[in-house]
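To start, the structure under review is shown below, and the notes come after it.
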Amino acid sequence: MTLLGTALRPAATRVMLLGSGELGKEVAIECQRLGVEVIAVDRYADAPAMHVAHRSHVINMLDGDALRRVVELEKPHYIVPEIEAIATDMLIQLEEEGLNVVPCARATKLTMNREGIRRLAAEELQLPTSTYRFADSESLFREAVADIGYPCIVKPVMSSSGKGQTFIRSAEQLAQAWKYAQQGGRAGAGRVIVEGVVKFDFEITLLTVSAVDGVHFCAPVGHRQEDGDYRESWQPQQMSPLALERAQEIARKVVLALGGYGLFGVELFVCSDEVIFSEVSPRPHDTGMVTLISQDLSEFALHVRAFLGLPVGGIRQYGPAASAVILPQLTSQNVTFDNVQNAVGADLQIRLFGKPEIDGSRRLGVALATAESVVDAIERAKHAAGQVKVQG
């Protein structure tokens, strides 16, 4: 039996978000729908989830002592990481002391960097992956590239949104690729992964829920990447029944090996009927924002339902749908959005994240659309995103 308290009352059920970006904001909203008290934590003030939380704190989440202090102050029943850059050793300590880390502290530690999850998938679970090598110096990086061959991809073992990634075609790129990888890591300079390029027809995110009533799968989400970050996503991605069966089997093995209740974003390469594991996030995935319009329960609602110990039951997918990011480039601490009236309509929505500032290129919103076909939904979402004029 799941007992939920009422926010701001002595018996409140308290959820602490570690990371308060646009994904955390939607998790906070879903918690609010259930009367759950929300505490939003991030490294900067006025982050999106802080706008809809009961309280907020600004700390360096890589500082274990600072993390412990805010947890001891707020006494959350659930600690919900939204990002990778967190003091995961402290999360393990806190879990050992009886706190509930979502989905579990081991999952957050293993997926905090690409090495932990790659070794779990390829070496422990024996799942198909790309060829890979790890390196923690420029000389070892060059050896790894020579081993893997061209073309290949280098990524910091800990980064997000494509930061620090380079697609390497020749030796002339190596010095710059190493330098860029060292600048792009979430926790500063350090270790990298060099991956062989996988031949694939398309990439998917298989949003997979581990809940009290078993493992559930959303329809596969297709997406287009540019500069390591997603630009559009759509659902459902068409694939063969055999490929879908293999994708679900890989996702099931990964989430059960990681453990705990919650939603996982399992990234996979698909080539005909073959499926290759890429990465996994033990939390809602940015490409899954399409589920805000495509499903009866969004990925955020599913995450909250699962970690609170509630049954999922089933997931209803409404048909062809897409998301397209609103990604302006400017510098401002007072952003405004014009022409919004032309970005919304029947079966057409937008989400503006409320990020407090922009310096360069930053994802500030997303357009969401449904249509008779995935192709039409993508075009509708892209057109809507293009209608929003960001000023500052």
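Every residue gets a Cβ built from N, Cα and C, even glycine.
The following features are taken from Swiss-Prot:
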BINDING   E22, L23, E82, D286, K355, R362, R363  N(1)-(5-phospho-beta-D-ribosyl)glycinamide binding site
BINDING   R114, K155, S160, S161, G162, K163, G164, Q165, E195, G196, V197, V198, E203  ATP binding site
BINDING   E267, E279  Mg(2+) binding site
DOMAIN    119-308  domain 'ATP-grasp'
Just the number: how many Å between the Cα atoms of E203 (ATP binding site) and E267 (Mg(2+) binding site)?
7
Euclidean distance between Cα atoms of V197 (ATP binding site) and D286 (N(1)-(5-phospho-beta-D-ribosyl)glycinamide binding site), Å:
23
Cβ neighbours of G164 (ATP binding site) where a neighbour is any other Cβ within 10 Å:
24
Taking every protein chain shown into account, which of the binding-site residues R362, R363 has the largest tally of Cβ atoms within 10 Å of its Cβ?
R363
At 10 angstroms around each C-beta, which of the binding-site residues L23, V197 has the fewest other C-beta atoms nearby?
V197
For E279 (Mg(2+) binding site), identify the closest of the binding-site residues E22, R114, V197, R362, judging by Cα separation.
R114
When the Cα-Cα distance from E267 (Mg(2+) binding site) is computed for each of the binding-site residues E22, G164, V197, K355, which gives the smallest value?
V197
Rounded Cα-Cα span from E195 (ATP binding site) to E22 (N(1)-(5-phospho-beta-D-ribosyl)glycinamide binding site), Å:
29
